[in-house]
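Student: Pulled these from Swiss-Prot:
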- His53, His55, His111, Asp128: Zn(2+) 1 binding site (BINDING)
- Asp57, His58, Asp128, His166: Zn(2+) 2 binding site (BINDING)
Amino acid sequence: MYPVITVPAFNDNYIWLIRHENHCLVVDPGDAEPVLERLAALDLQLDAILLTHHHHDHVGGVTALLGHFPHARLYGPKLDPMPAHHGQWLDDGDQINWHGLSLEVIHVPGHTHGHIAYYGHGMLFCGDTLFSAGCGRLFEGTPAQMHASLQRLAALPDDTLIYCAHEYTLSNLRFAYAVEPDNHAIQQRIGLISKLRQQGLPSLPSRLGDEREFNVFLRCEQDSVKFSAEKHALKCLENPEDTFTVLRSWKDVF
């Protein structure tokens, strides 16, 4: 087993620690301080840093962490500009192997050109591509790229656990409800996540099979989602990619 430890950072970021005995990997350490505190509290040795993309709230802690753990390896996307450190830059289909854990690299452009996700052992570390009940903004890529990236992630097994990088779930669900007000899965999820957040608990990880029921960005082929997008756009939409494009621009101003 590879327990995953949640490290909250900033206002709504999550940094993930993947643990094996007294060793660990860290995913998207935007801030070193909470990571160092957790490593010290648990007496863990940092073996490697995994980055999904180049935004500062995901890479800002790299220099300090490497200062404390100079032998830790650094991995990140080959097609994104990475921190000025020696690292192994990864592309689609590459693998990381660590204490029996094999993580496959999946190129998921959209949020950034080079954004990657790490998948293995039933876990998906997807940065700012797929969120619970939502998806990332398009800072560099196109709607077509993001839609294709989400479709690729949606093809993973139902029991895949999604470890994304932000606590956006409730706001995403409110948008989903605006799109599909008659979707009972969305209504039930709002109740569940509201209770978790009131207790100060994270809404993550989320199960991919459940996401297909309430994440409207994974439901662009559904008539109910298409109808709502057409009503918002005041035009007919020919395919799921067009529906996604409308949903993403709608969410940007929701």
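If you go along the chain as it appears here, the first residue is 1 and each next one adds 1.
Just so it is clear, glycine is given a Cβ too, placed from its N, Cα and C backbone atoms.
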Student: Among His53, His55, His58, His111, His166, all listed as binding-site residues, which has the most CB atoms within 10 Å of its CB?
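Tutor: Highest number of other Cβ atoms within 10 Å: His53.
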Student: If you skip the near sequence neighbours and keep only those at least six away, which residues in the chain come within under 8 angstroms of Asp57 (Zn(2+) 2 binding site), Cβ to Cβ?
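Tutor: Correct list: Ala9, Phe10, Asn13, Gly30, Asp31.
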Student: What number of additional C-beta atoms lies within 10 angstroms of the C-beta atom of Asp128 (Zn(2+) 1 binding site)?
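Tutor: Excluding its own Cβ, the number within 10 Å is 25.
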Student: Identify all same-chain residues not among Asp57, His58, Asp128, His166 whose C-beta atom falls within 8 angstroms of the centroid of the Zn(2+) 2 site's C-beta atoms; report them in sequence order.
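Tutor: Everything else in range on the chain: Asn13, Asp28, Gly30, His53, His55, Gly127, Ala165.
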Student: Quick one: Cα separation, His111 (Zn(2+) 1 binding site) versus His58 (Zn(2+) 2 binding site), in Å?
Tutor: 13
Student: Cα-Cα separation of His55 (Zn(2+) 1 binding site) and His166 (Zn(2+) 2 binding site), in Å?
Tutor: 13
Student: With the Zn(2+) 1 site defined by His53, His55, His111, Asp128, which remaining residues of that chain have Cβ atoms positioned within 8 Å of the Cβ centroid?
Tutor: Thr52, His54, His58, Thr112, His115, Gly127, Thr129, Gly136, Phe139, Ala165
Student: Under DSSP, is His166 (Zn(2+) 2 binding site) part of a helix or a strand, or is it coil?
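Tutor: The residue in question, His166 (Zn(2+) 2 binding site), is strand (DSSP, three-state).
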Student: Would you mind reading off the Cα separation of His53 (Zn(2+) 1 binding site) from His166 (Zn(2+) 2 binding site), to the nearest angstrom?
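Tutor: With distance taken Cα to Cα, His166 (Zn(2+) 2 binding site) is 14 Å from His53 (Zn(2+) 1 binding site).
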Student: How big is the gap, in Å, between the Cα of His58 (Zn(2+) 2 binding site) and that of Asp128 (Zn(2+) 1 binding site), rounded to a whole number?
Tutor: 10
Student: If H, G and I count as helix, E and B as strand, and all else as coil, what does DSSP give for Asp57 (Zn(2+) 2 binding site)?
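Tutor: DSSP assigns Asp57 (Zn(2+) 2 binding site) to helix.
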